[in-house]
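A.B. asks: Below, the features straight out of TrEMBL:
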- 1-28: signal peptide (SIGNAL)
- Glu150: active site, proton donor (ACT_SITE)
- Asp295: active site (ACT_SITE)
- Glu399: active site, proton donor (ACT_SITE)
- Glu418: active site (ACT_SITE)
- Thr504: Ca(2+) binding site (BINDING)
Amino acid sequence: MISTCLPSHKSVLVAILFTFLFIPASRTAFNIFGHNYDKLDQKYGSFTEDMRVEMLDEVRKMFYWSYDSYMKYAFPLDELDPIHCVGRGPDHDNPSNININDVLGDYCLTLVDSLDTLAVLGNVSEFHRAVQLVIEHVSFDKENTVQVFEANIRLLGGLLSAHMLMEDDRNLFGENLRPTWYDGELLQLASDLASRLLPAFQKSITGIPFPRVNLRKGFVDDGAETCTAGAGSLLLELGALSRLLGDPIYESMARRANRALWGARAKTTGLLGNVINAKTGQWVGRLSGLGAGLDSYFEYLLKSYILFGEEEDYSMFNESYSVIKQYLRRGRTHCNSGYGDHPLYVNVDMHSGNTYTYWIDALQASFPAVQVLFGDVEEAICTHAWHYNVWKRYGFLPERFNWQRLSPDVSFYPLRPELVESTYLLYRATKNPFYLHVGREVVLSLNAYAKTKCGYATVHDVLDMSLEDRMESFFLSETCKYLYLLFDVDNPVNQKFSDYLFTTEGHLLPIGDKFRTKPWADSPTPISPVDEMESLFFREKTPKIKINNGTQPTCQAVDEARQYLLPLRTPYYLQLTESLGLKEL
């Protein structure tokens, strides 16, 4: 049995006492021993089978309401405008409109991004039709300038995931997932796309890729500033492609970028900034945090180690996690014991570690999922609880929330999946029904406020629930997929969870010895063979994190006795809800 980092019953009583003594006199302090304590556990402590089946059906309807509308009104364009029921492609009239043109490139984006979601939903016939449509309609020989990062995670990831699921000997979704006529066409498309992205790497003398390329002409020198996540979240897709093709060029370029970013971290703190100049290697943005501009960089260091077994990736993640804990974390020392403010990861100056902004953004809500994969489940519980309660305050996560003023700084919500992703991973780790309740609230909010005539729309302002006419492809690729998997306990993905890995766009990649081997090496042998009994949650190599020049093991599980109680102990949960201006009961 794995070890855990849990307080004794005595320390729990001490924690409750400290909460009672040090939280200002309020409803929280006076009710922690009263009926509210029991009511909270009763509210979240069970989730009936009827509720689960109902939610599963609601999510299935949510996906098809959006997917069918895209196919009817928008395909072969990239996105659906769900209010006016029309398709959307690049803004050819305004090439500087990077909000649109970084993502859209006349390549059936939403369909490509949705391929493996169709497989997850078990719709083999529609999966076959979608693969055929992609083969017939998708071409990257277009006069469009797109962002390397977005093309990599949405398009390259979608193509590779669908191809690998069809070719995987484990037949996760059945032997008939691969149509008899399929001859590797998606892999050929992936190779063509990756080759068109290469100039962004090859033209860089620093190793940091330029942010954009023209799909037909190659490199376009229209700006060198790129975010850390954009330059450093390319390895899963490009590495998988290299190992499938036996060509090291794609993986080597992505690794070169990661090493360049790693070498540019601050000498004083070991932190990275959020924006860097690809030409000079100099930092443009000094903000260091876990949200926009940095989020998936850390995610990909850990997931690249899981997929490829390269110790270099693990070492970089481990050190990164150490300095994140040291400089970004505020609040009490432990999530579920002691006293003090609820833990929070803030944005800091990369050179000094001092607080840099009083807001954090919605993308940070994915970090609990990373913490779960690393084994720091107790900490993930705390991080997730904060974001979930901000969601509860508004019905959605505002893009930026000011934790000092307790109000949104940027108030739109583009149907992002990050909170749902972390909810799903925490449920897989704990099986606590609390996370099913969280998923249910997300579904109810989406249906109540974001559903339109032809799909689900971006919430323009969480304060008045006004909408804007855009449904980004990640709603089908991630938000719906994670919600579906949360409620579909018998799904093949959940039955074989440790055999597959999600990219930052929610695409499934098989884990296996095939990707632990470099086929271009003289004597290709597995770097670190995958143990069939190895779990992503409970690894034999216990992760270590350095805190204040010491070392402490991460908490790898939660107390089994609390499986049906609140994951965040009740006094701390009530403290958090009150601090955010919520009344739980």
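Using the three backbone atoms N, Cα and C, a Cβ is placed for every residue, glycine included.
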A.B. asks: Quick one: Cα separation, Glu399 (active site, proton donor) versus Glu150 (active site, proton donor), in Å?
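C.D. replies: With distance taken Cα to Cα, Glu150 (active site, proton donor) is 19 Å from Glu399 (active site, proton donor).
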A.B. asks: Give the residue from the active-site residues Asp295, Glu399 that has the most other Cβ atoms within 10 Å of its Cβ, counting over every protein chain displayed.
C.D. replies: Asp295
A.B. asks: Any same-chain residues 6+ apart from Glu418 (active site) with CB under 8 Å of its CB? Would you list them in sequence order, or say none?
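C.D. replies: Listed in sequence order: Ala362, Leu363, Gln364, Ala365, Ser366, His387, Leu397.
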A.B. asks: Can you count the other CB atoms that lie within 10 A of the CB of the residue listed as 'Ca(2+) binding site'?
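C.D. replies: 27, counting other Cβ atoms within 10 Å of the residue listed as 'Ca(2+) binding site'.
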A.B. asks: Near Glu150 (active site, proton donor), which residues of its chain come within a Cβ-Cβ distance under 8 Å, counting only those 6 or more away in sequence?
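C.D. replies: Glu150 (active site, proton donor) has long-range Cβ partners Asp102, Val103.
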A.B. asks: Whole-number answer please: how many Å between the C-alpha atoms of Asp295 (active site) and Thr504 (Ca(2+) binding site)?
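C.D. replies: On Cα coordinates alone, these residues lie 10 Å apart.
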